[in-house]
Amino acid sequence: MAAEREPPPLGDGKPTDFEDLEDGEDLFTSTVSTLESSPSSPEPASLPAEDISANSNGPKPTEVGLDDDREDLFAEATEEVSLDSPEREPILSSEPSPAVTPVTPTTLIAPRIESKSMSAPVIFDRSREEIEEEANGDIFDIEIGVSDPEKVGDGMNAYMAYRVTTKTSLSMFSKSEFSVKRRFSDFLGLHSKLASKYLHVGYIVPPAPEKSIVGMTKVKVGKEDSSSTEFVEKRRAALERYLQRTVKHPTLLQDPDLRQFLESSELPRAVNTQALSGAGILRMVNKAADAVNKMTIKMNESDAWFEEKQQQFENLDQQLRKLHASVEALVCHRKELSANTAAFAKSAAMLGNSEDHTALSRALSQLAEVEEKIDQLHQEQAFADFYMFSELLSDYIRLIAAVKGVFDHRMKCWQKWEDAQITLLKKREAEAKMMVANKPDKIQQAKNEIREEIEEWEAKVQQGERDFEQISKTIRKEVGRFEKERVKDFKTVIIKYLESLVQTQQQLIKYWEAFLPEAKAIA
């Protein structure tokens, strides 16, 4: 067995751990000490071929009995691998071979793989097709942050301006780092432009945060309090997530309107973005009309994949809404718990001040301090519940609405194609009736007209079929990308959320363990 198997080559580029051994060290002290070998034999200082293969991922060698073949245990390894001899030529093949990476122990491979995954990709001048090919890995060297919310103006004419900072090495941008000031309506205008360009052809455009009339009215006319500050912070975080999702899309990243939004110091004011304007009311009417059309159109779905995905997103939407409501209730519960804990701490402190017993008074005062710290922990955990978990669910509820929107546009595209086919059929029937009519004076002119109309509608039918096939192909690709992003986002947020819970519980344990000696000291 051993004679038929050649040991794997050892690279001479890097010394292995065995070469660091001194001549006097015995490599197989625990195993070879029981063997009866000649003092001049180099077997104890040699590396057997079986031991080399045992460290690899290949098949395990047949187990050798020490009592049966003691003399042949190291017979094949005495000349191939010797730690005492610097020569390694005997273990190399005599046939010419291409350059091979030196074989290293398996324990040294893992750090190299980690270092490769940690290296940041360098992205320079790329075409749209190249960026779309990298969409599966979502490798885009661009970072976007929204910060420094600032109130501009007074009264009902006031608005909030946000600083949008971009850092990138993509050559499509004029600078590697730049920042601009944008108001909320600018974000809505950007989404409106992108949706009008890409939504009807099957691209999933990330939705912008919804406009809140009540919240913004408080910010405009009210003083700065905790509720208005919390509203501004929620909106800032939502705008940042919106831009980050938008620039992750390989097609949207190439759009000139997006680049203008990120780079241009002066941006034309977005129009038709107000909720109570005429355009806002028109959008509401159009949404209602689309809902009615969706109920009346009966599409003969021939693709089982689309039927399955539509049902999947309907169920996912319902479950996300239920979970979001539960998390919102959890956030309210933690805030209420924080308020009750603060009230308890205040009462314990007052009781400690009125207590005559020194040890008990000190213990009550310490208990009040612990409860104040726990109150702070409950507040921090409530923020984590909201900003990590609740906002993620809220974002994906809107994203699923965008996904359902592209499915609706596919249905509209099919309806347009179907209408063109029906019209073409009617034109051909009219031509057939004209051919059997006994009016030779008018038949030639009418025949030419109807033939032109038939050719026109034939072209429309062909175009409708191409559009339907193209939007179906795009939606398949977009849904696959959406699913990958969804799993990645949920994994990241769940891990961070669990880490915050663990950290909170560990801090609680520390607080109570520190207070326990004070309670035991009461005498």
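Every residue, even glycine, has its Cβ placed from backbone N, Cα and C.
Here's what Swiss-Prot has on this protein:
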{"type": "COMPBIAS", "residues": "27-50", "note": "compositional bias 'Low complexity'"}
{"type": "COMPBIAS", "residues": "93-104", "note": "compositional bias 'Low complexity'"}
{"type": "DOMAIN", "residues": "140-269", "note": "domain 'PX'"}
{"type": "DOMAIN", "residues": "299-523", "note": "domain 'BAR'"}
{"type": "MOD_RES", "residues": "SER97", "note": "phosphoserine"}
{"type": "MOD_RES", "residues": "THR101", "note": "phosphothreonine"}
{"type": "MOD_RES", "residues": "THR104", "note": "phosphothreonine"}
{"type": "MOD_RES", "residues": "SER117", "note": "phosphoserine"}
{"type": "MOD_RES", "residues": "SER119", "note": "phosphoserine"}
{"type": "MOD_RES", "residues": "SER185", "note": "phosphoserine"}
{"type": "MOD_RES", "residues": "SER277", "note": "phosphoserine"}
{"type": "MOD_RES", "residues": "LYS473", "note": "N6-acetyllysine"}
{"type": "REGION", "residues": "1-104", "note": "region 'Disordered'"}
{"type": "REGION", "residues": "260-523", "note": "region 'Interaction with RhoG'"}
{"type": "REGION", "residues": "278-295", "note": "region 'Membrane-binding amphipathic helix'"}
If I take every residue in the region 'Interaction with RhoG' (260-523) and average their pLDDT values, what number comes out?
88
If I take the alpha carbons of SER185 (phosphoserine) and the residue listed as 'N6-acetyllysine', what is the distance between them in whole Å?
33
List the helix, strand and coil residue totals of the domain 'PX' (140-269) as derived from DSSP.
64 helix, 28 strand, 38 coil
Same chain, 6+ residues apart, C-beta under 8 Å of the C-beta of LYS473 (N6-acetyllysine), given in sequence order
GLY202
DSSP-derived structure type at the residue listed as 'N6-acetyllysine', helix or strand or else coil:
helix
